[in-house]
Each structure stands twice: as structure tokens, then as C-alpha cells.
Amino acid sequence: MLSRRDFIKRCRDISVAVFGAEIFAADIAEGFMKIAASKRPQIAFVQGQSCTGCTVSMTYGNETDFIDFVTRLVRVQVHPNLSFSQGHGYMQLLDSVTSAGGHVLVLEGSIPARMKKACLLGEEPLYNALKKHLEKASAVVACGTCACSGGIPASGRNETGSIDIAQYMRQVGINKPLIKIPGCPIQPDRLMGTVAYIVATGRLPEMKNNIPVKYFGDLIHNNCHRFQYFSQDIYLKDFNTDKHSCLLKKGCRGTITKSDCPTRRWNGGVNVCVESNTPCVGCVNEKWPFKENIYYESRNIEDLPWNDFKKNVLGRGGK
Amino acid sequence: MSTLLSVDPVSRIEGHMSVETAVEGGRVSKVRIAGNMYRGMERLLFNRHPVDSARIAQRICGVCHEVHGISSVMALEQIFKVTPPANGQVLRDMILGLHIVTDHLLHFYNLCSPDYIDYAAAAGYSGRDANLKNISDWISSSGTMFVINKTPGDYIRDKEVARRFALHYFEALKIRAEAASGLALIGGKVPFIHALLPGGITTEITTDTLMKYYHVLTKTADFVNNSFIPDVMVLAERYPEYFRIGEAYNTFYAHTSLKSKKGWLFNSGVIVDGQKQPFDYKKVKELLNSSFYNPDGSPNESAKGAYSWIKAPRYNGFPLETGPLARMAVNNDQGFRQFLARFGQSSIRSSVMGRLLARAYESRLLCNYLFERSEEFVIGKSTINHVDLQANVTGEGIGFSLAARGALVHHIKAYNGKVTDYRMIVPSTWNFGPTAGGKHGVAEKSILGTPVRFGGESGSIEVGRVIRSYDPCTACSVH
């Protein structure tokens, strides 16, 4: 086993990485020292209408390491893609964790409310089955844009009547602390960091509209490393020849999307969408995937990012 | 007297799937496989701008994330009448190839190996290897439940083997994360690369990018050669009966994919009745008899006779198996035949072990291919031909491509800048389609006759092994 000092150091390293601030690191390290490994709250993972992209993204990690997360920080007890058991044995495990209570329930994907057979959990429609797994949860984490605001399954004609977890909890009359981690897919630090924080401190992080401020506090545009090109009115016209220009006029949604992507970056910090010379599509935005034309330019569409930008950003003093 | 056994849900796969079987005289006599989740990916793209599908179609599946993006962009390029420059093609192949290798690693170690290895046997370690010590502590700590394997079965309980696999279980995750950073260097981030647009890849590629890619590719290739292939061989030697279990129709299907100066890495074709024939897209039909759809394709959860959200694709009436094994069969790969010969197998036939071996062999093939292919990138030359992403295009495009799990088609029709019809024919749809037109789906067929020695309330581990040998991707299969 690790020595006590090594352990605190490790917790600090991890929490510094995931929260980017010493203040949280101390909280997390202290929290983990107080609770024995076997007493840490259990995590039960449930998938709705999902693509497993959030789970895969989590396994890739960024600054947070997935293996550390699973083996040292939390007790991931039930996960559809990882659990060694199958069938009835798997359902029993899920039932035993969620009926004991106190667990953190993580939901990936949305829930079909109208066409209930469009997503089953075991033999039951998820819509009917999910309630009992939520009832004794200490907190609910919506993992990814589908769980947070419906995302792709709820877009277009939404034939299955897909809803997000907040709508679901209202419909079935459950009131639980809810933390939303939007993203299509989630950025791994944001999910694992938040869960680690809740488990270690027993508190919820500072949130606005159920979304942690630490990760989703400011517009991508404001921290964009291409901001200087925007200031100089240098806009990308041709993807082939322009490699260092502002992407706003190609439909970049960095001006309407609050996320720390530009500084946190992805996949070990090697890159981020805008740096690969492609517009931000606003995948953490609650409107994702938007009604039409992801790459609209400055033409004829009412929710144009440029208009939103003028209204929301310049309107409040260009912060 | 038959016993009913069901695996509901099938865990360690992508998505929501269940299998019902009847067992008679120790063998599976009846089977039904159901895909249990539907989003309507094809229908929600209706009326959107065709370019949107390059972003949304990728999100069919977060496990095989890049393949749908590339297939849909290939279709879009026909609509936009543009082809990517040579560099753009090289980058796409670099993404596709490395992604497929990492997908194979995830499948073998994290999804499939717990069917064969009793990881609990890795506990109780008291030696000097710090990693093993940590794993041992973790497994024996009272807090870990997802590694508890309650499904009875004939697992490998040898401590040495279990420890080797336990180390590789985690190493595979690490290698995948590193390879993902290699993909992100080119594509922006993974899952779901946004640098992929009709016309090519937007990213500015420097020597530094290529060096880093080369670095992760080398690491991945080392792991494939030193761990993946030897580990699959351990299973092939320990479970020779699985060369006879899980046999479908021995019909195979693959597309031409992954180009290089030497030609194509994989050839296109269909094998039916032992005869190879050219693939003809016109012969593909998706039957809806056993699926939750109305004849017009709209979803209907109470459709008569339906038991699955997966459609049933047929080629001239035949269900076709697709995947790495099918690619080897269609290519008639001599190296793979020699590999099989080591285990006394004289031909490429559909089986559980054949599919596992094909995946490992193909990973090495892909790594070797990628080393050569990445050298064809010319620094300073264009990676993308610009297209107007808002053009009011009209036309039709079909992207014939591949995924880790087999041959992939995205078929888009557009009119005046709107999608009028979107059709995806996905590998797991071929493999996991239900019974229709008087024929079982491919995986269903291969489960029939499976000997069941360990059937219990969680279903049989043998049936689980057959199912997982296909690497099912239910979100893809239903979409």
C-alpha cells in the first residue's frame, strides 16, 4: 500500500490537475484521508439513449487518469461496459448498490419518455426502471449533453420523446442534488474531477444552473488562443490556405459556448478543436446539436452566433 | 424438455442488447437477439444541411467514433463533387487505421477477456512488482464490485496467466489513451474529430505532429506484437473447442479500404457458398419483419412480430458476416492462414476463436501499414480542398468504408442544401440483425448449437463468449 504521505500527495496531484486550484486539492486530499477505501460512496453508472462516447472519453483521460480514478479514488461498482458480470447477475449488483443508498448515480444518455421501449434497462423500459435507482442516491450526475439537455436523441422530430434527467426527475417526482456535466462527449477531467470532489468532500462544487462554474464559467471565445485574430478582424476564408485566423465567420460557436476547452484542452492536452483549425460546434451548449446548419455563416439564420455574441458579450461590456 | 436462459442485459459491449436462448440436450436450440435502444439517427438528420451529418453521424457511436465520420464525409464529397488532396487521404487513413487498432485492444482486453480469465486469481500477490501489488490490493479490497464475476464458467484460474492479463488489462487502457492523443493531434480531439470535413482535414500538420504520431504508433505496435498477439494465442491454445463454436453461415463481406502506394490493404467482395463475388450494393436490402418499424421506416414500438430495434440486412437474401475475420476471408490473407495453421486450422472459417485471432492479426497488419502510409505524407502540401459549407447542394453520395467491426456504408441524398434521405448500413446491423425472410441473423445462427455447460440465472457464459466475439456495437447497429 501507499504510505500516508504518498497518498495525500497523490490526491493533491490528482485534484490539482482536475480542478487546477490548490484550494480544491486540499479539500479532496483531506476528504480522502477521512474515509476508508471501503467506505467511499459507490458509483453506479447507467446508460440511456447514449453512444458510450462519454465513457470512452473518460477512459482516455486528460489530466485526470481513468485508472487512478477507478482503482484509487472511487468505487465504480456497476458499469455496463466494464462490469464482468452479465445478465441477471449484473442487474442484481446494480439493485444491491442502489437499494443500499448513498451512491452517486451517473447517467449517460437521455431517456425516451414517449416511446418507452426505445431504451431498456434489463427487461424493463429505462423510464420505469430508473426511478428506483435514483430514489436513494446521494447525488445524480448527468454525464454528457444527452443526459443534461437531451442532446442528439432529442433533436429533430424527437420521435422517441427523449428527455433529459432533470425533466425525468420532475416527471417522476424525485428531488435530488443534480450536477450537469455537458459535452458531446464529456471532457474527462470535468466528470472525474467533479465526482472525486463530491465523494471526497461530501459537498457539491460551486454551480450555476446545476453546472460547475469551475469548468463552464466563461465563454470559449474569451480564452481562445485565436482571440488576437478576432481583434484584428482576420477571419478564415479558406481552410486550405488560412491556418491562423478567427473561425467566427465559419460558424464557430465559441462565442455562445461556456467551457474551459481552450485552456483545459483534450487527450492529454495535445489539442483542441479550434487549434485543429475547425470551428467550435458548441457541443456543451444546451441547444446542441442545434436546429439546422451547424456550420452556418453570416447569413439568414436567427440564432446566428454573431448576433448572440453582440447581444450577450458586447452587451455586457465585452468581458 | 428445454431450459430457457437469457442474458439480459449483455454487459461489456457497446449499448443495450439481450439474448434469449432455449437449451435442449446441453445445446442451444432456439435463440433471439434483441437490440434494445433506438434514437433514430437517420431520421433526425432529415432536413438538416448535409454537412451537419459529418458531425452528427459520428455520434452514432462513441466507441467506433471516427469511422462513421469518415464514411459520411466520403458520401458528402460525392455530393459536393470534391476529392481531398493526397495528404488529406493519408491523414484520414492514419486516423482510421490507428483508431481500429485501439478499438481491437479495447475489445480484447476490457470487453472480452473477462469471459476467459478469472481476474480474482490475480489477487493475493506479495512479490515486488508495484503494479501487480496495486492491482492485487485493488481486487481484494472490499470496495470493488465490477470485477466480481458471478457468471459460472471454465475460466483460466492460473495465477501467472491471470496476473499477466491483469497487467495488460490496464496497459491496454493506457495505450489506448496515448493512441487517442495521436488521433487528437490530427483531428482536434477524440472521441469525435472535428477537423474532418468534406474536402480533407483542416489541421495544420507539422513535423512535430508527425513525430508524435509516430511515437504513439510505435508504442501501440509494440503492445500489439508483445502482448496482444501472444495473449490471444494463450486463449486459442487453452480453448481449442472455440474454433468449432460460434460458426455462422460462413458468408463474408468486406469493402475496399485503406490505400497506399502498394495498393489497397483490404479488398472488396462477398463470399457466399464458398464463392467470392464482387460486392454489388444493389443487392443489399434491409428487412423489417422482426424489427420495431413500420413499412415506411418510422419507429413503432408495438410493431407486430417485432423483437429487436436492429433491422435485418440481406444480400440477395443472405445474411453476411462482417468484421476482421471477413476481411481476412475476402482478402484470402496468406499470413492469416499461416497463423491459423499453428492451431491446426486449415481454412478461414467462422468461429469464436477465428474472430479473436483475426482481430489480433489485423492489428499487426494495420500497424505495419500505418508506418508505411504515414511516410507518404508530404510536409507543406495541402491537406484540404476548400468547400463552401453552406452551399445549397443537390445530389447523392455513398461512402463505402470500414469500421473495426466490418464493412460500413453511409448513403446520403440531398436536395437544395437539405438532407432528404439518410441511410446507414452498419457492421453490427449485419452481424446482429434478427431473424427475417426465413433466416436467422448472423450472430443468432452462430449461437445455435452452442454447447451449454454453465447455464444459470445469468445465462450461459458460452453464449456470452459467442456474442462478444463479434465485438457488438448496439448503438451502431440500431442507430
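Keep in mind that glycine also has a Cβ here, set from the backbone N, Cα and C atoms.
Curation does not apply to TrEMBL; its annotations are automatic.
Features as listed in TrEMBL:
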type    : residues                    : note
BINDING : B:Glu42, B:Met424, B:His479 : Mg(2+) binding site
BINDING : B:Cys61, B:Cys64, B:Cys473  : Ni(2+) binding site
BINDING : B:Cys64, B:Cys476           : Fe cation binding site
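Recorded features from TrEMBL, shown on the structure.
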{"residue": "B:Glu42", "record": "Mg(2+) binding site", "Cβ within 10 Å": "20"}
{"residue": "B:Cys61", "record": "Ni(2+) binding site", "Cβ within 10 Å": "29"}
{"residue": "B:Cys64", "record": "Ni(2+) binding site", "Cβ within 10 Å": "30"}
{"residue": "B:Met424", "record": "Mg(2+) binding site", "Cβ within 10 Å": "24"}
{"residue": "B:Cys473", "record": "Ni(2+) binding site", "Cβ within 10 Å": "31"}
{"residue": "B:Cys476", "record": "Fe cation binding site", "Cβ within 10 Å": "29"}
{"residue": "B:His479", "record": "Mg(2+) binding site", "Cβ within 10 Å": "28"}
Spatially, which candidate from the binding-site residues B:Cys61, B:Cys64, B:Cys473, B:Cys476 is nearest to B:Met424 (Mg(2+) binding site), comparing Cα atoms?
B:Cys476
B:Glu42, B:Cys476, B:His479 filtered to the binding-site residues whose C-alpha is within 10 Å of B:Cys64 (Ni(2+) binding site):
B:Cys476
Could you state the CA-to-CA distance between B:Cys473 (Ni(2+) binding site) and B:His479 (Mg(2+) binding site) to the nearest Å?
10
From the centroid of the CB atoms of B:Glu42, B:Met424, B:His479, the recorded Mg(2+) site, which same-chain residues not already listed sit within 8 A by their CB, in sequence order?
B:Met41, B:Ala57, B:Ile60, B:Tyr422, B:Arg423, B:Val426
Given the binding-site residues B:Glu42, B:Cys476, B:His479, which one's Cα is the least distant from that of B:Cys61 (Ni(2+) binding site)?
B:Cys476
C-alpha of B:Glu42 (Mg(2+) binding site) to C-alpha of B:Cys476 (Fe cation binding site): distance in Å?
11
Chain A neighbours, filtered from binding-site residues B:Cys61, B:Cys64, B:Met424, B:His479, Cβ-Cβ distance under 8 Å:
B:Cys61
Helix, strand or coil at B:Cys64 (Ni(2+) binding site) [DSSP, three-state]:
coil
